[in-house]
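Per Swiss-Prot, the features are as follows:
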BINDING   8-15, 21-22, 60, 87-90, 98, 114-115, 183-184  substrate binding site
ACT_SITE  9  active site, tele-phosphohistidine intermediate
ACT_SITE  87  active site, proton donor/acceptor
SITE      182  site 'Transition state stabilizer'
């Protein structure tokens, strides 16, 4: 049975500080590295091998992938990076503490910014140095395609062309693929694969560095999906993600 494993990056510095990260290129914490290495060990122990891996342009995802492949002795497999797998762009919220923002604007407003389907935060200005137009890694991406902010819908609209043109077609000639990305970019893929409604997708909270496996039948329809790990531990990790946008 063919498989695609989705993996959110390990804890980043701004995950630890409970900040809106988006396209800001922050590194993994020591805990994040350990989480990524644990994911690699878990995948190896469950007998997984990957034919190809995909990740974003952001170092927290790239380094997570490197840790996983190292622990699996799969450093040699082909890896494809795409800006389309980047996290949702949080606009002018990037860098702000989520709990402090909830104190200022209310938990409901922060939940809307974090989890609503089609409402985006305020955009970055054209002169803001956080604007991706100033980042050389995106010099081959047209200015019209680079976001200044995004809703989850915008994020999915960015990701799905790449999913449809590159990742999913590769499954025809491969047995197992690995996608290491971000909470919201992976949420978009999961929404597509499981046909989750716009209303229900905002309730999905992905923990860091816990492998999420999708199995496909001979017609490449989803046959099964599951997390690898202790169900109770995973439930607690999901609750922790859900609580990030609440007041202190």
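The first residue you see is number 1, and the count goes up from there.
Cβ atoms are placed via backbone N, Cα and C, with glycine included.
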- Query: Are there residues of the same chain, six or more positions away from residue 22 (substrate binding site), whose CB falls under 8 angstroms from its CB, and which are they?
  - Reply: 87, 88, 89, 90, 91, 93, 94
- Task: Tell me the Cβ contacts of residue 11 (substrate binding site) under 8 Å, same chain only and six or more apart in sequence, or just say none.
- Result: 28, 29, 31, 32, 35, 208, 209
- Cα distance, residue 182 (site 'Transition state stabilizer') to residue 8 (substrate binding site), nearest Å? 5
- Note on the structure: Fewest C-beta neighbours within 10 angstroms among the recorded positions 8, 9, 88, 98 belongs to 98
